[in-house]
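One structure below.
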Amino acid sequence: MDGKSKMQAEKHLTGTLVLSVFTAVLGFFQYGYSLGVINAPQKVIEAHYGRMLGAIPMVRHATNTSRDNATITVTIPGTEAWGSSEGTLAPSAGFEDPTVSPHILTMYWSLSVSMFAVGGMVSSFTVGWIGDRLGRVKAMLVVNVLSIAGNLLMGLAKMGPSHILIIAGRAITGLYCGLSSGLVPMYVSEVSPTALRGALGTLHQLAIVTGILISQVLGLDFLLGNDELWPLLLGLSGVAALLQFFLLLLCPESPRYLYIKLGKVEEAKKSLKRLRGNCDPMKEIAEMEKEKQEAASEKRVSIGQLFSSSKYRQAVIVALMVQISQQFSGINAIFYYSTNIFQRAGVGQPVYATIGVGVVNTVFTVISVFLVEKAGRRSLFLAGLMGMLISAVAMTVGLVLLSQFAWMSYVSMVAIFLFVIFFEVGPGPIPWFIVAELFSQGPRPAAIAVAGFCNWACNFIVGMCFQYIADLCGPYVFVVFAVLLLVFFLFAYLKVPETKGKSFEEIAAAFRRKKLPAKSMTELEDLRGGEEA
C-alpha cells in the first residue's frame with residue numbers, strides 16, 4: 001500500500017466511528033443547551049418566582065429598550081458565551097407587595113444560573129477516577145443518570161417549590177456536564193484515527209454551539225419560552241440524555257483503554273476492527289504498545305504528581321493556559337454588551353440578532369472542523385487569538401466614540417461578529433481536545449480533570465467579577481481583554497505545540513525532549529514550544 005492509500009485508509013470514516021463520536025458529543029450538546037436555555041425564559045421564570053414567594057412584580061422587562069424605564073444590568077455568575085446573551089439581568093425592583101425583598105429574587109435567579117457552573121467545578125475533579133474505574137463508555141452511561149434526574153426536576157418545577165427544584169436541577173445537570181466535558185474528549189480522542197483526531201475533536205464545540213442555538217430558538221415566546229411551557233423548555237435536554245444512554249449501548253469501548261489500562265489485547269483488536277472497518281489495526285496496536293510501555297514506566301499519575309513532576313510540568317502549564325485563554329478572552333463581555341449595541345444600531349428585536357450571532361457561531365464552528373486538520377491546531381489557535389485582539393480594539397473604539405458618531409454602532413456590530421468568528425476558529429474548539437492530545441495514557445485522565453476544573457472555575461470567576469470590571473472601566477473594559485489576549489497570544493506562540501498528525505507518544509516525547517528516530521523528529525519540527533521549554 002503506497003503513502004497516499006495509507007493516508008486515505010487512515011481518514012476512512014466507518015459507521016461505527018461516526019455513531020460513537022456522534023453519541024459521545026451528545027454530552028456536549030446537553031452542555032450547550034444548558035448554558036443557553038436559562039436566558040430566554042428569564043422574565044417569565046422571575047415572574048413565577050415572584051408569585052411563588054408572595055411578591056407581585058410590576059411590568060418591568062429584562063431587556064428594556066426605553067430610556068425612561070432603563071434596565072440596570074448585572075452579571076449572572078456562571079455566564080457562558082457561545083452565542084448566548086445570558087449574563088444580563090434586570091433587578092427585580094419595584095414590587096407592589098414588599099413581602100419579599102427584590103434582592104432575594106435576584107439571589108434566587110443568580111443561583112438558578114450559577115449552580116450549573118458550581119456543579120461542573122465539583123464533578124470535574126472526578127473525571128479521571130470514574131473514567132479509569134468504569135471505562136469510557138460505561139462511565140458516560142452512568143453519568144447520564146445525573147442529566148436525566150436534573151432535567152426531570154426542572155421539567156416538573158411547577159409541581160413544587162420552583163426555585164428550589166430549578167436550582168437543584170441546574171446543580172445536578174452541572175455535575176453531569178462537568179463529568180461529560182472530561183469523558184467525551186477523552187473517548188473521542190482515543191477512538192479517532194490520528195488523521196481525523198483534530199476534525200472529530202472539533203465536533204465538541206459544534207455540539208455546544210448547536211445546543212445553545214436550539215435553546216435560543218425554542219426559548220422564543222411563541223414556542224416554549226412562555227409562562228405555560230418554560231418547565232418543558234428547561235427539561236428538554238433530558239431527551240438528548242435518554243438518546244445518548246441507549247446509543248451508548250451500541251458503542252465500542254475505547255481500544256486504548258482496553259489495551260493499555262486493562263491489558264485486554266483481543267478485545268482491543270475487536271474494538272479497533274469495529275471502528276476502522278477493514279483497515280489493518282496492527283499499526284495502531286504497535287503505537288498502543290509503545291504507549292503502554294511508557295505508561296508502565298510512569299504508572300498511574302495522580303493530580304498531585306501531575307504538578308510535582310517536572311516531566312509533566314510544561315504540558316500542564318500549556319493545558320491550563322489554553323483553558324484560561326478560552327474563558328478570559330472576553331467572549332462573555334462581548335455578549336454582555338451585544339444586546340445594547342444591537343438596540344442602538346436600530347435592531348427592533350435584539351433577541352433575533354443574538355440568535356443571528358448564534359447562527360454565525362454554528363456556521364464557523366462547522367468551518368473549523370475542516371480547517372483544523374489542514375491548518376493545524378497551533379496555527380488556528382494563534383490566528384483566533386490575534387483576530388479576537390484586533391476585534392477587541394475595534395470594539396473599544398466603537399464604544400468610546402458611539403456617543404459622538406452614531407455609525408460607530410455598526411463598527412461595534414461588525415466587531416462582535418468578527419470576535420465570535422475568530423473565537424470559533426481557534427480558542428473556542430481547540431482547548432477541548434488539545435489537552436487529551438498533550439498527554440499519554442498515564443497522566444491523561446488527571447490532566448483532563450485539572451483542565452476541566454480550570455475551565456469551569458474561570459467560567460465562574462468571569463461571571464462573578466465582570467460586572468465590577470465593567471463598572472470600573474466602562475467602555476474601556478475591552479482594553480483589559482485586549483491585554484489578556486496579547487499575553488495569551490505570546491504564550492501560545494512560544495509554548496503551545498503543534499499536535500496535528502502526531503501520535504500521543506510523539507507529542508509526549510516532545511515535552512520530555514526525548515530523541516525520537518529521525519523520521520519522527522522531522523515530523524516534530526513544528527513543536528518549537530515543547531523543544532524550547
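Placement of Cβ uses the backbone N, Cα and C atoms for every residue, glycine included.
Per Swiss-Prot, the features are as follows:
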- GLN205, GLN326, GLN327, ASN332, ASN361, GLU424, TRP432: D-glucose binding site (BINDING)
- ASN64: N-linked glycosylation site (CARBOHYD)
- ASN69: N-linked glycosylation site (CARBOHYD)
- 1-17: topological domain 'Cytoplasmic' (TOPO_DOM)
- 39-110: topological domain 'Extracellular' (TOPO_DOM)
- 132-136: topological domain 'Cytoplasmic' (TOPO_DOM)
- 158-163: topological domain 'Extracellular' (TOPO_DOM)
- 185-199: topological domain 'Cytoplasmic' (TOPO_DOM)
- 221-229: topological domain 'Extracellular' (TOPO_DOM)
- 251-315: topological domain 'Cytoplasmic' (TOPO_DOM)
- 337-350: topological domain 'Extracellular' (TOPO_DOM)
- 372-379: topological domain 'Cytoplasmic' (TOPO_DOM)
- 401-413: topological domain 'Extracellular' (TOPO_DOM)
- 435-445: topological domain 'Cytoplasmic' (TOPO_DOM)
- 467-471: topological domain 'Extracellular' (TOPO_DOM)
- 493-533: topological domain 'Cytoplasmic' (TOPO_DOM)
- 18-38: transmembrane segment (TRANSMEM)
- 111-131: transmembrane segment (TRANSMEM)
- 137-157: transmembrane segment (TRANSMEM)
- 164-184: transmembrane segment (TRANSMEM)
- 200-220: transmembrane segment (TRANSMEM)
- 230-250: transmembrane segment (TRANSMEM)
- 316-336: transmembrane segment (TRANSMEM)
- 351-371: transmembrane segment (TRANSMEM)
- 380-400: transmembrane segment (TRANSMEM)
- 414-434: transmembrane segment (TRANSMEM)
- 446-466: transmembrane segment (TRANSMEM)
- 472-492: transmembrane segment (TRANSMEM)
Candidates 137-157, 230-250, 316-336, 380-400, 472-492; stretch with most C-beta pairs under 8 Å toward the transmembrane segment (18-38): 230-250
Annotated stretches the transmembrane segment (316-336) and the transmembrane segment (414-434) touching (3 or more Cβ pairs under 8 Å): yes
The transmembrane segment (472-492) touching the transmembrane segment (164-184) per 3+ Cβ pairs under 8 Å rule: no
Segment confidence, the topological domain 'Extracellular' (158-163), expressed as mean pLDDT: 84
Close approaches to the transmembrane segment (200-220) from elsewhere in its chain (Cβ under 8 angstroms; 6 or more beyond its ends): 21, 25-37, 39-41, 80, 82-84, 184-185, 188-189, 192, 233, 236-237, 351, 354-355, 358-359, 361-362, 365-366, 368-369, 372, 424, 428-430, 432-434, 436-437
Among GLN326, GLN327, ASN361, the most crowded of the binding-site residues [Cβ within 10 Å]: ASN361
Binding-site residues: GLN205, ASN332 - member with fewest neighbouring CB atoms within 10 Å: ASN332
Secondary structure content of the topological domain 'Extracellular' (158-163), with strand meaning DSSP E or B: 4 helix, 0 strand, 2 coil
Max pairwise CA distance, angstrom, over record-listed D-glucose binders GLN205, GLN326, GLN327, ASN332, ASN361, GLU424, TRP432: 18
Number of other Cβ atoms within 10 Å of the Cβ of TRP432 (D-glucose binding site) across all protein chains: 29
GLU424 (D-glucose binding site) CB neighbourhood, other CB atoms within 10 A: 28
For the topological domain 'Extracellular' (221-229), residues assigned helix / strand / coil by DSSP: 0 helix, 0 strand, 9 coil
